[in-house]
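Novice: Following this message is one structure expressed as structure tokens.
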Amino acid sequence: MFFTTFFADMSSSGVVRRGIHYLQKLKAANIPSDLIEKGQNRVIDASLTLIRERAKLKGELVRALGGALASTSLLGVPLGHNSSFLQGPAFAPPRIREAIWCGSTNSATEEGKELNDPRVLTDVGDVPVQEIRDCGVDDDRLMSVISESVKLVMEEDPLRPLVLGGDHSISFPVVRAVSEKLGGPVDILHLDAHPDIYDCFEGNKYSHASSFARIMEGGYARRLLQVGIRSITTEGREQGKRFGVEQYEMRTFSKDCHFLENLVPLILFLFSLKLGEGVKGVYISVDVDCLDPAFAPGVSHIEPGGLSFRDVLNILHNLEGNLVAADVVEFNPQRDTVDGMTAMVAAKLVRELAAKMSK
């Protein structure tokens, strides 16, 4: 009776609840907890082994080719269950990869680097998030698996991780891993419509709306600069003050045309010359909804009045500092209704970040 009910639940329940239901059923059937844990450990070990071996292979290839001081390597983290609204970002990594190599454009980035050169871009695959959660692994352990996966990439010099989300909750374990691996805090440039700095959103400390609270309270960042903000609550501002966050809201972008035309150079003049100095480097987190929905409608939280795509590229291209890692998050393929336009936007962001990170 137990197994009949279990498989019925598995076939009818949503993806997000599978792992919880699985663990509840096993416990209800009095399966010993140590047996459950051993099985979970095997799945986690297998998952990390796959990332480790792929990273080793790609690292060996880049080193054999020679000439690379830093090489970008994609790592997918298809996690969506920490979203507060829609969970489509879990499906983003394969769609971004497809857009990068779809043939609609060539392999050259705007600064002239070629993505088909492994010294510029390699790929170590995805952390199998859903397979791990299907075994009943909780978010504390899952976040540790994500952090460990990032560290495995960083162990293969000169690979540097460019992480494909997933919702924005992935930034916490990724930044934690980068900081711990490098041995100190980083400076973060965070492009987003939202500050994602709630202490605990809707009772979830790992919510995509709380990722930067976890980063700042953990001491993984010295400076956090948030650009593109246009949906911020009182708590968001208070948390920003608490952690000393430098928040650049979109409402200040529209005072006059002259200011708008010179905004990016002004911001860069104010902070980018020192960004990353005295710490282990710069981390960039790009939430696709930092862009106005006219440029990227395929996001869960549509917030009009955002940055133009060229605004974002100008910030990325002109940024000074040692870029040690980055992420592109919150692209939701299930809302990308305009012939895959947002997938191409996310892919373009990845392409230009890869060029910026590789040396």
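Cβ atoms here come from the backbone N, Cα and C positions, even for glycine.
Below, the features straight out of TrEMBL:
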BINDING   His168, Asp192, His194, Asp196, Asp287, Asp289  Mn(2+) binding site
Novice: Starting from the Mn(2+) site formed by His168, Asp192, His194, Asp196, Asp287, Asp289, give every other residue of that chain whose CB sits within 8 Å of the mean position of their CB atoms, in sequence order.
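Specialist: So the extra residues in range turn out to be His190, Ala193, Pro195, His208, Cys290, His301, Val329, Glu330.
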Novice: Are there residues of the same chain, six or more positions away from His194 (Mn(2+) binding site), whose CB falls under 8 angstroms from its CB, and which are they?
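Specialist: Once residues fewer than 6 apart are set aside, His194 (Mn(2+) binding site) is near Ala209, Ile229, Ser231, Ile232, Gly236, Asp287, Asp289, His301, Glu303.
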Novice: For a quick check of packing: other C-beta atoms within 10 Å of the C-beta of His168 (Mn(2+) binding site), how many?
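Specialist: Cβ-Cβ neighbours of His168 (Mn(2+) binding site) within 10 Å number 27.
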Novice: Are there residues of the same chain, six or more positions away from Asp196 (Mn(2+) binding site), whose CB falls under 8 angstroms from its CB, and which are they?
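Specialist: When sequence neighbours closer than 6 are ignored, Asp196 (Mn(2+) binding site) has His168, Ser171, His190, His208, Ala209, Ser210, Ser211, Phe212, Ala213, Asp287 within Cβ distance under 8 Å.
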Novice: Just name the most isolated of the binding-site residues Asp192, Asp289, going by other Cβ atoms within 10 Å of its Cβ.
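Specialist: Candidates: the binding-site residues Asp192, Asp289. Fewest Cβ atoms within 10 Å: Asp192.
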Novice: Neighbour count, 10 Å Cβ-Cβ cut-off, for Asp287 (Mn(2+) binding site): what number do you get?
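Specialist: There are 27 of them.
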